[in-house]
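Colleague: After the structure tokens below, expect a handful of questions from me.
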Amino acid sequence: MVKAIASLMLLHIWAIEEIKAERQAPSVSRTECTTPCRCAQRLEKLKKHCQMRVQTAVRKQKENGKLAQKLLIGTITSTAGGGEQTSTTSFLLSNSSPTRRETLETNQAEIMSQLEHIIAMEAQYYAILNVSATSTDTTLDGDGTQYNTGSITSGGFTVSKTTECNTESPEDTKEPDQTTLSKKQGLKDLKLALRVKVACKNGGGACSAASSSDKIHITNETDSKNKGTTASTMNSQNTAVAFATDLQIVNWKSDHIDSNITALANALTALDSIPDLTDPAAYTADAAFKQLVATVTLNKPPTTELTGEVLDAVNRACADNYGTSASELTTKIWDPLNEQAASYYSDKTIKTDQLKLLTSNQQLTTALGVALAKAINVKEASKKECNLHGHETDATCEAKGVGDNCKPPCKEVEEGGKKKCKLDKEEAKRVAEQAATNQETEGKDGKTTNTTGSNSFLINKAPVLLAFLLL
């Protein structure tokens, strides 16, 4: 039964397609961040949110891997000792299949790629803040009649310090979530406005060049604001914008950015789908798993529809066997598992501890190797015992009782004044040798012959070692 459910579960888990992020621009937008500082703050929060979710997924997969190793060690150890492992073990183990690792690796790579874009945009928004500046006036003095010999005094640039970065906009006071990521991010275009302003007497009257006080003032500005419009004339009372243009910092397209945000959101959702093996909902809520419970635990046909009383029975079986909370699952599965003894390699020797004391990947990996080796040895020893004694042992002979029931290769012996049916090892050996001779003879007659001999041990080890390497 355990093998059957394990096989069905593995088929189900491997049939699940890998979850990948897709790209499609959102239709709803957040409130626009109107300044570079606000946009940089928004991207910073978005970056930290993504990093936190990636770290959670990596940690979850890492812990799942350790739990899977423990489950496999416990399963092999129980099997080697003649016991049975519950169907929960098989399912939880299968849930740590390569498909889950593929989901993590693929979507983590997508997220890291998108984070590179976010970090680059954030840096450029801050860069715009650092180049936002206004020059002090460059002046041209009057020389009495005209300006051709008037003196020019050069001004300098002063970086504009903003205080808006000390606070957040209402849109960005809350932490981002999946709803936030399902929208366009409302990011301001990365442009830098350049303006050249001209004034006569700095708005103090007409300029006749009659005296050195009749100055023409020229000012340069760079910032992220609207570039404004140029004036057709220079009014003596106002500063006129003589030149204005936008400098495009990068050639980003808003639809491309929005599509990237969608891919980012989908990749994060895919990471969230990695199950937490300490939560019973990771498997009891799975429709395919419930179908398996109905088939294997309740002996229902695989085509049984899970409705009504059948579904109620399945839900009760899930609750009884696996619990409905992490604490119940711990009591029913993890605590007994952690109490099991496991042998592992350490400092060139084999040590034995409870599974709960094995915390490193090296300890768990070597413990799995030891468990596999022991399981193979037990199987081979059992096979040799069967071949040697013709499938009979002292225990099976004793169970037959005395008298006519005690037949070769068993025989009656007297121990402590009582008759017992015990295995006659010489007779058992003769029976086994005769069986081998008969098998060889059948082979010469064209019938099936077992030619593996001692090689069967190596043949049996191959799939086990492959399973060990693929874990």
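FYI, residue positions are counted from 1 along the chain as it appears here.
Note: Cβ is positioned from N, Cα and C throughout, glycine not excepted.
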Colleague: In Swiss-Prot, C406 is paired in a disulfide bond with which of C386, C421?
Modeller: C421
Colleague: For which of N95, N260 does Swiss-Prot record the feature N-linked glycosylation site?
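Modeller: N260, according to Swiss-Prot.
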Colleague: Should anything in the same chain at least six residues away from the region 'Disordered' (204-232) have a Cβ under 8 Å from its Cβ atoms, list it; otherwise answer none.
Modeller: 35-36, 128-129, 131-147, 150-151, 155, 157, 160, 188, 191-198, 239-246
Colleague: Based on Cβ atoms within 10 Å, give me the single least packed residue among the disulfide-bonded residues C397, C406, C410.
Modeller: C406
Colleague: C406 (disulfide bond) to C397 (disulfide bond): how many Å between their Cα atoms?
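Modeller: Pair distance, Cα basis, whole Å: 7 Å.
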Colleague: I'm trying to understand the geometry here, so how far is the Cα atom of C397 (disulfide bond) from the Cα atom of C421 (disulfide bond), in Å to the nearest whole number?
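Modeller: Spelling it out, the Cα of C397 (disulfide bond) and the Cα of C421 (disulfide bond) are 6 Å apart.
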Colleague: Please report the number of other Cβ atoms within 10 Å of the Cβ of C421 (disulfide bond).
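Modeller: Its Cβ has 21 other Cβ atoms within 10 Å.
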Colleague: Between C410 (disulfide bond) and C421 (disulfide bond), how many Å separate their Cα atoms?
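Modeller: Cα of C410 (disulfide bond) to Cα of C421 (disulfide bond) measures 6 Å after rounding.
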Colleague: According to DSSP, which kind of secondary structure is C406 (disulfide bond) found in, if we only use helix, strand and coil?
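Modeller: Reduced to three states, the DSSP call for C406 (disulfide bond) is coil.
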